[in-house]
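Right, one structure below, let's go through it.
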Amino acid sequence: RWQKIFMFPLWSKMAVFWNKMFLTIIVLLIVLFLDAVREVRKYSSVHVNEKAANVNSSAFDHIQMKLFRSQRNLYLSGFSLFLWLVLRRTVTLLTQLAKEMASHAALETQVNDATEAAKKYMAENERLQEALSGKGNGKKKESTDATEKKLKEEVEHLKAELQKTSDAFHKAKTEVAAVKKQSEGLRKEYDHLMKEYEQLQQSLNRAEDKKDL
């Protein structure tokens with residue numbers, strides 16, 4: 001399904017600018033995160049000083065509201081930065097998995113073709129041996145031996161090619177299984193992070209509602 005989605009022409013056009021867009025958003029999120037950290041430190045110190053100075057309640061509530069908003073921005077920018085990195089890794093793994101699946105299908109086709117060719121040559125060799133087994137002419141026998149030898153060499157060559165293709169197929173199958181396992185682990189981790197993010201968002205919304213009241 002993902003392979004079909006990634007084959008849309010839109011993705012091929014976006015792939016040229018994907019790295020630039022990713023780096024731009026990463027830089028923007030880092031700037032927002034650092035700014036949120038600075039705001040939290042600023043209003044935390046002001047909050048403590050105003051509380052110690054026992055100023056009027058309206059100014060203290062205003063500083064507390066600023067502190068809450070800066071903390072909220074810190075959480076949102078931090079989680080956005082982390083989830084953007086997770087999204088980048090997920091897209092990379094899905095792309096690798098699609099490529100491995102395509103390579104896996106190509107190797108299966110190659111192995112099937114090589115197997116059919118080997119069976120065909122072996123069947124022709126057997127028919128040739130049966131047809132020439134009853135003739136006692138020396139010249140024909142010598143020609144038959146040469147032909148049989150050539151066919152045996154071709155069969156051995158095809159067997160070697162088949163073994164090489166089979167090894168490559170098993171290697172690709174192992175790599176595909178590893179990528180699938182890694183992708184499944186990443187998906188579970190992403191779901192877990194999304195649940196934590198939703199819980200945090202709900203707690204922040206409840207705190208903001210209490211603050212408004």
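In case you wondered, yes, glycine gets a Cβ from its N, Cα and C as well.
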Per TrEMBL record, range annotated transmembrane segment [choices 2-19, 74-91, 92-109]:
74-91
For the transmembrane segment (74-91), find every same-chain residue at least 6 residues outside the stretch whose CB is under 8 Å from a CB in it, and list them.
22, 25-26, 29-30, 32-33, 36-37, 39-40, 183, 186-187, 189-190, 193-194, 197, 200, 204
Summarise the domain 'Bap31/Bap29 cytoplasmic coiled-coil' (153-212) as counts of helix, strand and coil residues per DSSP.
60 helix, 0 strand, 0 coil
